[in-house]
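For reference, the structure discussed in these notes is given below.
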Amino acid sequence: METVLKNDCSHCQESVILRENGGAGRSSNTGIQHDIICVGFGPAALAIAIAMRDRGIQRRVRFLERQPEFGWHTGMLLPGSKMQISFIKDLATIRNPRSHFTFLNYLHQKDRLVHFTNLSTHLPFREEFNDYMKWCASHFNDWVQYNQEVLSVTAVESTPGRPAEYFKLISRDVRSGELRELSANHIIVASGGEPAIPPILSTQHLPKTVIHSSTYLGSVHHLLQEKNGSYRFAVVGGGQSAVEISEDIQSRYANSKVTLVTKASALKPSDDSPFVNEIFDPSSVDKFYSLDHSARQQTLLENKATNYGVVRLPLLESVYEKLYRQKFLEPNPAKWPFRLVTGREVMGLKELPNNQIELQLKDTLSGRVESSAEVYDLVILATGYTRNPIATMLKPLEQIVEAPADGKTYCTDRDYRLRFRQGKVKRDAGIWLQGCCESSHGLSDSLLSILAVRSSELLDSILASSKRAEDHARL
């Protein structure tokens, strides 16, 4: 049941806000409808839902997801692309190999287990792993509301001047624009990353022919519809996504020309050797968190080659082979279907009258800025993601969040709980952050590797924080 309220804020655009009523089992604290609200329903949130189901944890829980259905990096589910981690690091196995929600049980349910075994691989196709997660998500439709974008989270004081007792969220239906108000004692922010646009471009309106890699699959066919068209593409970035997109373009558009632009001096291989991979073990989080700020920064820099701006070696070797073959088949570089431009940073762009794009490129050694040698029909920014919820939905809490001395806008405890200033929020209410704690919890924070274990750690923390008299739930 919902109550329709008018937003009577005199300096705001008038809108209708729907306030959810808690119904049966409502908390005795006035206005609190849910025990847990999770913002987002991607892999991190899904792992939490699975852990709750596996452990039999009964809570009034709601997941709010802005997408119309579950999807994992749908803009980058390139045909034939494979996972970069073992299927054993799924959403449940490391925590509980007997869970209904393991990847192996998914294969069993889909009658593909034996056939998958015949592949002799630990690396499923990304399309299949996405389907596995969609299968998991289908078990929680009663917990999830899709098409809901959370706009803000505020702390609510029942008594002015006293610590806040719970949190209020405002979400917007992305289809109708309708606003909804919800409340809970415990908030989990697992909304994923936002596309990172190079700073020099983020201040200007980007033409429709400049897209981020996150929307690649959904955009490329819409923008460039002729499969045999002689299109020119620029892909900006030097990591796995940038190279994969460059390869995919050439398979989709046989007559295309692709230029891969990276500010690095060369494409570099990722380090996925066994000893280095131990930094993604769940137990490594404790060690990393115990370090001081300087040691954390040093460790992140030292292990950067595992995850950022790097390419898996087989793909890198394939690209080099392709470049070499071009050279002996055609001595004129202007006729090559694929070019690699290193040591160049995008400093700006110009939209031409025919919707083509000219890039302004800076030589990273000399500092000289020049226009690109070609103009492009489509520019794809494979420039990663940014994660800072304090700058978006949690901004109303900015004044009561404890800010660390290292210049960050927030800090978290080992259990991923956002730290508030003393006396601002009661201990039996809290906010937990997922996927945006790399600087305090290590490189694995935004990856799939530790989701199964981390989800259970987070639930332990939430259950331990709840001290309401009527809530005696145990693990």
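Along the chain as shown, residues are numbered 1 onward.
Backbone N, Cα and C define each Cβ position, glycine as well.
Annotation comment: Swiss-Prot describes E65, R66, Q67, P68, E69, F70, G71, W72, H73, Q84, V150, S446, L447, L448 as FAD binding site. Under the three-state DSSP scheme, V150 (FAD binding site) falls in the strand class. Remark: V150 (FAD binding site) has V39, L64, R66, L169, I170, S171, S191, M393 as non-local neighbours, by Cβ distance under 8 Å and separation of at least 6 in sequence.
Within 10 Å of the C-beta of S449 (substrate binding site) we count 22 further C-beta atoms, all protein chains included. Sequence annotations record features per position, and here Swiss-Prot assigns substrate binding site to K89, N277, E278, I279, F280, N307, S449 based on similarity to another entry.
Counted within 10 Å of its Cβ, the other Cβ atoms near G309 (NADP(+) binding site) come to 18, all protein chains included. Per Swiss-Prot, NADP(+) binding site is recorded for G238, G239, Q240, S241, N307, Y308, G309.
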For E65 (FAD binding site), the nonlocal same-chain Cβ neighbours (under 8 Å, six or more residues apart) come out as G40, F41, G42, A45, V144, Q145, Y146, N147, Q148
Looking only at C-alpha atoms, tell me how far Q67 (FAD binding site) is from S241 (NADP(+) binding site), rounded to the nearest Å. 22
Can you tell me the CA-to-CA distance separating K89 (substrate binding site) and G238 (NADP(+) binding site), as a whole number of Å? 26
Taking each of G238, S241, F280, Y308 in turn, which of these binding-site residues have a Cα lying within 10 angstroms of the Cα of L447 (FAD binding site)? F280
Between the two most separated Cα atoms in K89, N277, E278, I279, F280, N307, S449, the residues recorded as binding substrate, what distance in Å do you get? 16
S241 (NADP(+) binding site) and N307 (substrate binding site), distance between Cα atoms, whole Å: 11
